[in-house]
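S.K.: Pulled these features from TrEMBL for this protein:
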type: BINDING; residues: Gly54, Glu55, Ser56, Arg113, Ile143, Arg144; note: L-glutamine binding site
type: ACT_SITE; residues: Cys86; note: active site, nucleophile
type: ACT_SITE; residues: His178; note: active site, charge relay system
type: ACT_SITE; residues: Glu180; note: active site, charge relay system
Amino acid sequence: MTLQAGVVAVQGDVAEHVTAIERAAAAHGRDVEVREIRESGLVPDCDFLAMPGGESTTISRLLHDDGIAPEIQNHVAAGKPLFATCAGLIVAAADTGDERVDELELLDVTVERNAFGRQKDSFEAPLDVAGLADDEPFPAVFIRAPAIADAGSAEVLATWDGRPVAVRDGPVVGTSFHPELTPDSRIHGLAFFENEEAALPASESA
Ligand code: GLN
């Protein structure tokens with residue numbers, strides 16, 4: 001069967017996630033059709049979702065205005081995988097300390113926006129990420145990235161500079177950085193195809 005994937009596309013780096021999902025699916029022997037989510041009514045048909053980076057205050061506002069926010073909450077409540085990166089992680093968090101973000105409360109984490117500096121402070125770091133297919137460090141790109149100030153009940157998958165930057169909370173994986181900006185799709189694979197706490201339709205051969 002062909003899996004249905006959605007990339008929340010109200011704002012942010014959408015095309016890169018589409019490519020990363022296709023690459024991760026191919027690596028896991030799964031067929032996938034990826035849609036860009038710009039309106040309500042599409043999320044209920046998705047087996048898994050990515051929520052990209054961008055500008056969290058804008059993404060938050062548009063998701064609520066367009067009626068997509070409750071659909072994403074229902075998706076996670078049904079145990080389906082969600083992968084939230086950078087601004088997506090901010091929107092998915094339980095608390096951001098910023099009243100311009102209406103958090104979806106999908107991960108039990110508190111984030112601090114822009115904790116790693118401004119655009120000019122962007123950097124790439126080799127990260128050890130728990131649960132990756134091999135022991136190779138992951139090339140993590142940080143762009144005006146949030147830090148996870150309190151990981152709550154979430155499992156910390158990676159830290160940088162002593163701070164959690166990748167977490168899993170049931171069906172949701174969140175990263176402060178941008179795995180979609182590198183050709184390495186192992187974290188997409190982890191979030192969608194290897195997360196035993198999330199429900200994905202089995203492949204026919206399984
Ligand atoms: N700093 C942005 C925000 O707070 C996130 C940056 C990003 O997604 N690259 O929304």
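From the backbone N, Cα and C atoms, a Cβ is placed for every residue, glycine too.
Help me picture where these features are in the structure shown.
M.R.: Within the same chain, the residues at least 6 positions away from Arg144 (L-glutamine binding site) whose Cβ sits under 8 Å from its Cβ are Cys86, Asn114, Phe116, Gly117, Arg118, Gln119, Ser122, listed in sequence order.
For His178 (active site, charge relay system), applying a Cβ distance below 8 Å and a minimum sequence separation of six or more within one chain yields Asp13, Glu16, Gly53, Thr85, Cys86, Ala140, Val141, Phe142, Ile143.
Take the CB of Glu180 (active site, charge relay system) and look out to 10 A: across all protein chains shown you find 29 other CB atoms.
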S.K.: Just how many other Cβ atoms lie inside 10 Å of the Cβ on Cys86 (active site, nucleophile)?
M.R.: 29
S.K.: Which of the binding-site residues Gly54, Glu55, Ser56, Arg113 has its Cα nearest to the Cα of Glu180 (active site, charge relay system)?
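M.R.: Closest by Cα: Gly54.
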S.K.: For the L-glutamine site (Gly54, Glu55, Ser56, Arg113, Ile143, Arg144), what does the 8 A shell look like? I mean other same-chain residues with CB within 8 A of the CB centroid.
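M.R.: After dropping the recorded site residues, what remains is Gly53, Cys86, Ala87, Ile90, Asn114, Pro146.
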